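Chemist: The active site, proton acceptor feature in Swiss-Prot is assigned to 20. Per Swiss-Prot, anthocyanidin binding site is recorded for 20, 383, and the stated evidence type is similarity to another entry. The UDP-alpha-D-glucose binding site annotation in Swiss-Prot covers 345, 360, 363, 364, 365, 368, 384, 385.
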């Protein structure tokens, strides 16, 4: 391992959401394990949560042959500002401040002997590639959904095929290299009636800048989405590097990106027989209505299965009410049920006691399930989840479908919940799903070991970053300082207070 200052330095900028931070931090750890110095940054409002919940510090942490370090920046708003929950307000604010502060951070790193050679961002903040271009640095982007969803958004953005519209709400969508998607299997942010148009705008914003990154990294693997990846690689410079949550060069690294401390539930799982526990978690952003929560609770009770259920409290500014369990639920469940606020999901899915995963089908959870050989009960709600559910159930054949998503506007009854749990844990279909899940686990493991498809792609990316770093060093002694215009913008947009807090200038 080289010294920190001698390593090629990449700078990762993350949108401050749990589903964005985790995969980008996982990529950072993989890059560090390949011998790079990685700096990870996101707004300080999230940095505080990460310091509290995860094992991160201000000192560079060794990972494999390299290091990872953290720097956070103020987004110009007070810590308790509720407008962060409104992306239409927060994304412009983040861009305004980020375009000022990120160049300053990069310049400071150069002055301290850590010149940056590449910037990498995830979706919702495509302006990072503008910053890189201004500084004369190459940039890359990590796509945090499936390649199938990337291709769907690409075709929608460029108007290449018909999608559901106000005049044709229920048309099916045929995309190249993909199975026919029913209208409610298309990423739901593309529906004309989506209640989340701001998320459609946020995702499609990346496609406006898609020609600037020299590489689009994807948290998937060649064997999983082979035909789609082959097609997409002809129109965009993609490299599959997943599953990112596995890091063979640093399997025991304790650096995590969680915003909440996980509750201790592994000891409870240890006390249960093999393949006897249903794991229920709907991720970090999905919140169901109370009546649906009640039906799931009674379905779990009536099924007779052991269960571990994650009930994450909503953000205080989200507008959601805290969900409650039916009266007497925990007493009736007894020791066969455990309810927690957050879990160490990777460990839970890898535990021999876990039989199946009731999931919202977000891509992070989908990849973790497939890589762990875990069958799923698909409970998608919106966004890419409905497309992921289509693939998990119909294409990868590792799941039972419990619902079709929020657009269905249908209460899933306790009887349906019970039936799906039994189907996923008992009988011939459960055995077939487990067999298929183990097949995908083997394929995933083969992709990230040394010489596997994802490992080769990641190494090729690292080699390209190093090559470009040599070119940058040869062309100038240090990273280009922020242009005068950017510095002037800094003076007009933000003020740094005596306590280090950055605020919008009056």
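Backbone N, Cα and C define each Cβ position, glycine as well.
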Chemist: Just to be sure I understand: of 345, 365, 368, 383, 384, which binding-site residues have a C-alpha no more than 10 angstroms from the C-alpha of residue 20 (active site, proton acceptor)?
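Modeler: Those near residue 20 (active site, proton acceptor) - Cα within 10 Å - do not exist; the answer is none.
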Chemist: Who sits close to residue 385 (UDP-alpha-D-glucose binding site): which same-chain residues at least 6 apart have their Cβ under 8 Å from its Cβ?
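Modeler: Looking at Cβ-Cβ distances below 8 Å from residue 385 (UDP-alpha-D-glucose binding site), excluding near sequence neighbours, one finds 188, 286, 360, 361, 362, 405.
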Chemist: CB neighbours of residue 383 (anthocyanidin binding site) within 10 A?
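Modeler: Around the Cβ of residue 383 (anthocyanidin binding site), 28 other Cβ atoms lie within 10 Å.
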Chemist: Restricting to the chain of residue 365 (UDP-alpha-D-glucose binding site) and a gap of 6 or more, list residues whose Cβ falls under 8 Å of its Cβ, or answer none.
Modeler: 281, 283, 345, 357, 359
Chemist: Note down the number of other Cβ atoms within 10 Å of the Cβ of residue 360 (UDP-alpha-D-glucose binding site), including every protein chain shown.
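Modeler: The Cβ of residue 360 (UDP-alpha-D-glucose binding site) has 23 Cβ neighbours within 10 Å.
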Chemist: Please state whether DSSP places residue 365 (UDP-alpha-D-glucose binding site) in a helix, a strand or coil.
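Modeler: For residue 365 (UDP-alpha-D-glucose binding site) - judged by DSSP and reduced to three states - the answer is helix.
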Chemist: Roughly how many Å separate the Cα of residue 363 (UDP-alpha-D-glucose binding site) from that of residue 383 (anthocyanidin binding site), to the nearest whole number?
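Modeler: Given the Cα positions, residue 363 (UDP-alpha-D-glucose binding site) is 10 Å from residue 383 (anthocyanidin binding site).
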Chemist: For residue 364 (UDP-alpha-D-glucose binding site), what is the tally of other C-beta atoms lying within 10 angstroms of its C-beta?
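Modeler: Neighbour count, Cβ to Cβ under the 10 Å cut-off: 22.
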Chemist: With every protein chain in view, how many other Cβ atoms are within 10 Å of the Cβ of residue 345 (UDP-alpha-D-glucose binding site)?
Modeler: 23
Chemist: Per DSSP, residue 20 (active site, proton acceptor) is which: helix, strand or coil?
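Modeler: Note: residue 20 (active site, proton acceptor) is helical by DSSP.
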